[in-house]
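Participant: Taken from Swiss-Prot, the feature ATP binding site covers G234, P235, F236, G237, S238, G239, K240, T241, and the record attributes it to sequence analysis.
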Amino acid sequence: MDKGKENRAQGVLKRISGPVVTAVGLDAHMYDVVKVGNEELMGEVIKIQGENIIIQVYEDTAGIRPGESVGNTGLSLAVELGPGLLTSIYDGIQRPLEVLVDKMGNFIERGVSAPGLSHEKKWEFVPTVKKGDEVKAGDILGTVQETNIVHKVMVPPKAKGGKIKKISGGSFTVDETVCVLEDGTEIAMLQRWPVRVPRPVTQKLNPDIPLITGQRILDGLFPIAKGGTAAIPGPFGSGKTVTQQQLAKWSDAEIVVYIGCGERGNEMTEVLTEFPELEDPKTGKPLMERTVLIANTSNMPVAAREASVYTGITIAEYFRDMGYDVSLMADSTSRWAEAMREISSRLEEMPGEEGYPAYLAARLSEFYERAGRVISLNGEGGSVSVIGAVSPPGGDFSEPVTQNTLRIVKVFWALDAKLSQRRHFPAINWLNSYSLYLDALNEWYDKEVSPEWNPLRAWAMGVLQKEAELQEIVQLVGSDALPDEEQVTIEVARMIREIFLQQNAYDAVDTFCPMSKQYDMMKAIKHYADLARTAQTGGATPQQVIGIRSKNELPQIKFIRDYEPELAKIMKDMEAEFDAMRAV
């Protein structure tokens with residue numbers, strides 16, 4: 001929090017109801033940060049009703065009592081932005097967990113504050129502008145080599161700008177002045193920004209470049225654009241967290257912000273232990289060097305879940321303003337919505353559907369609308385892609401959080417418990433999922449992958465839909481009762497499912513599949529389907545066509561890094577088998 005002049009107007013606690021407390025005699029504005037009780041717990045003003053100031057407390061309120069003092073800081077909830085964010089692990093209100101561990105061991109005590117960034121560490125600042133240059137809000141003044149990522153030091157968005165009077169390179173802490181403008185404005189590497197306010201941009205752009213994730217079902221059938229929004233709803237155990245972690249590991253965003261919002265502590269532990277060991281495929285450095293983690297597990301106070309979501313998106317916007325592509329994972333937005341429901345009921349507000357507050361949709365859209373591909377104030381192009389997991393109770397997609405999320409996001413990756421029970425992973429149901437970015441991304445796929453890619457994708461989806469229609473008949477009378485052509489369609493659909501859609505997140509090669517390989521795999525399956533149709537026209541039986549041995553080698557391609565020679569051999573053998581069939 002800001003350590004400037006704190007307007008510590010004193011009030012008194014009147015009522016305590018879990019994380020929601022009421023104070024009287026306090027001079028406060030909406031969203032002011034306050035210190036509650038003798039232990040000075042951190043809270044935020046969420047409602048003002050006459051004399052009553054209603055506060056949500058970001059720490060456990062057990063043991064505080066009416067009559068204790070409440071102090072107003074006069075500041076809104078803000079995050080510290082500057083060098084040192086990357087590789088950090090924060091709680092929901094940007095307290096670095098590593099610093100808290102040093103202060104008090106593994107269990108966080110109440111009323112302890114720690115700055116989001118180290119104010120002692122020195123960073124090597126290299127100016128990119130010189131004395132006499134004119135700068136405006138958002139302009140880049142210089143760079144700091146933070147990790148492998150270059151951190152760009154910018155003029156704060158609310159600054160007036162002007163001519164540079166003095167700027168110097170060298171080692172500085174985040175608090176020290178690196179640039180002085182002619183009007184006397186001093187600029188340090190540290191910025192503070194209120195989390196509920198979106199950072200300003202010059203222009204929003206149409207999202208027309210895909211965020212490549214290396215997951216075949218996502219890149220191939222339901223792509224998300226850079227600056228896009230996606231939801232991953234699914235019942236428990238269907239693979240939401242693993243899918244989120246795969247996206248955090250392999251998506252081609254330059255910065256990843258991962259928010260563990262009210263999820264199990266074990267899952268956050270997995271992320272915290274895995275990420276430092278994983279290698280970024282593009283740089284060969286640890287993945288953690290491009291990651292900011294916000295750990296806010298389910299046993300932490302519920303009010304901090306809301307703060308963690310806003311903290312994460314504000315950090316993501318900061319890196320976007322530098323010109324980076326950022327992907328933000330929120331796991332899970334349902335836990336945040338449940339926190340809203342709990343606080344709303346404590347405020348005795350009129351409940352909406354299933355007890356959620358009437359403003360649920362507004363809060364969700366407020367969050368997702370901060371995604372986008374933009375031109376920032378300094379002319380750099382950057383993006384924030386938001387991927388939110390949703391955990392509907394019992395896998396019921398008709399519940400309010402899922403339905404309101406679907407109204408806002410443009411990509412829907414529907415996880416299916418039945419698929420996960422059949423050990424089909426990622427368990428994304430190809431019939432229920434959709435992407436509204438397909439038309440916008442077609443041109444990119446034509447140019448960067450192949451002009452054949454879009455027709456190939458449409459063909460694959462057509463085969464999978466045809467299989468779903470035939471499945472009822474197959475379950476009643478068996479596949480042998482189908483016409484010859486449709487028996488082969490069932491086999492081709494099985495190949496698409498098992499060879500293309502299934503992917504092993506724990507295999508060193510198959511965990512990430514580049515677009516070129518996805519295209520070659522899909523083309524190989526289509527080539528088999530074309531050869532099979534030609535053979536059937538020539539009188540071959542479905543049993544002969546399905547019995548082609550070389551096609552059984554195709555699944556092995558997934559696990560071979562330099563797959564091209566092996567794939568070429570399989571295709572050659574396949575053509576030879578079909579030629580031999582025709583000769584008979």
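Cβ atoms are placed via backbone N, Cα and C, with glycine included.
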Participant: Which of G234, G239 (the binding-site residues) has the most other Cβ atoms within 10 Å?
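Facilitator: The most densely surrounded of these binding-site residues is G234.
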Participant: Same chain, not part of G234, P235, F236, G237, S238, G239, K240, T241: whose C-beta falls within 8 angstroms of the C-beta centre of the ATP site? Give them in sequence order.
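Facilitator: The surrounding set, listed in chain order, is S391, L415, A417, S420, A427.
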Participant: Counting Cβ neighbours within 10 Å across all chains shown, tell me which of the binding-site residues P235, G237 comes out on top.
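Facilitator: Answer returned by the neighbour count: P235.
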Participant: Give the number of CB atoms, excluding that of F236 (ATP binding site) itself, located within 10 Å of its CB.
Facilitator: 12
Participant: Please work out the number of neighbouring Cβ atoms within 10 Å of the Cβ of T241 (ATP binding site), leaving out its own Cβ.
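Facilitator: Counting Cβ neighbours of T241 (ATP binding site) within 10 Å gives 24.
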